[in-house]
Amino acid sequence: MQTLTSLTAPLILSNGVKIPGLGYGTYQTPAKETYTAVSQALKVGYRHIDTASLYGNEEGVGKAVRDSGLAREDIFITSKLWNTDRGYDATMAAFEKTMERLGTDYLDLYLIHWPANRKQYGDKARELNAETWRAFEDLYEEGKIKAIGVSNLTPNHLEELIADSKIKPMVNQIEVHPGWPQMETIQYCQAHDILVEAWAPLGEAASLNNEIIVQIAAKYGHTPAQVCLRWGIQQGILPLPKTVHQGRMEENTKIFDFELTDAEMAIIGSLRNLGGQCKVPDQVDF
Ligand SMILES: NC(=O)c1ccc[n+]([C@@H]2O[C@H](COP(=O)([O-])OP(=O)(O)OC[C@H]3O[C@@H](n4cnc5c(N)ncnc54)[C@H](OP(=O)(O)O)[C@@H]3O)[C@@H](O)[C@H]2O)c1
């Protein structure tokens, strides 16, 4: 199992692409604040920015990257295809719009944001996911995207997608935090060489008041946020914490100077129902 060793040390995806450590999340960062927030994150040292067409802030991400003074190839940008753009042609069109908004001529990682599910699409869900993925494969083979992946897929969706495709997803970005450990999906992905990225790694801040996490943080002289992130990286997961505050951006990077014991990993992993969204992809209506 690969694990993160520093803010910028890379993990290696199944196609050999390097993905720099700890990502910086931008969900719910308002468009008008995104330029400043991402510019600060790049100054703090983040080199991996996670956005999505849904977030409405791709322009701010792209401008912050261009104005950073850093080489484009030194920054890893992820965006995601929203659910209303599924299918081959719609995916192609949505990708072009994302590229225009970001103002870049290639994307590092593009993800299917959520799988089409049977609740909404019945037997057509599998076909729709395969069609969307076929567009991803073509964009990848044309060199417009360095790596392709999915988000919010559970093993049942992954089994179908892998059976229906030429290229296996390189990443699955799922909600993982203390209280929502997603062990089954993590084990499946790691067995299939699919890197797991954790969204809401702090449980949208709701995991931070848990007494067990607070106690473990005090033992190491670290903060609850740092313990949540450390718990993720010790499982070989790449977390994507979001904050618009510079102090917290820095705090969230200081997770490489302590190590949780196996017992602490297990205790944190046994917590349930702490914060985040805890949505089951087969049950959502969007
Ligand atoms: N693929 C998907 O479906 C999906 C879904 C959701 C999110 N994501 C991605 O994952 C990223 C992270 O998820 P998230 O933003 O939902 O949740 P998160 O990172 O778990 O939590 C963000 C919240 O925690 C606060 N926070 C951050 N650092 C803190 C610290 N050190 N101490 C105290 N509070 C802190 C932030 O507040 P302030 O900003 O006010 O500091 C914000 O309210 C997103 O931004 C997005 O890029 C993906």
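Note that the numbers count up from 1, one per residue, in the order the chain is shown.
Each Cβ is built from the backbone N, Cα and C atoms, and glycine gets one as well.
Caution: TrEMBL annotation is automatic and unverified by curators.
Taken from TrEMBL, the feature active site, proton donor covers Y55. For H113, the entry in TrEMBL reads substrate binding site. According to TrEMBL, the feature domain 'NADP-dependent oxidoreductase' maps to 23-271. If you look up TrEMBL, you'll see K80 marked as site 'Lowers pKa of active site Tyr'.
The Cβ of K80 (site 'Lowers pKa of active site Tyr') has 26 other Cβ atoms within 10 Å, all protein chains considered. For the recorded site, H113 (substrate binding site), the DSSP three-state label reads coil. Per-residue pLDDT, averaged along the domain 'NADP-dependent oxidoreductase' (23-271), amounts to 98 for this model. Residues near H113 (substrate binding site) in space but far in sequence (CB under 8 A, at least 6 apart, same chain), listed by position: A52, L54, K80, L81, W82, N83, S151, N152.
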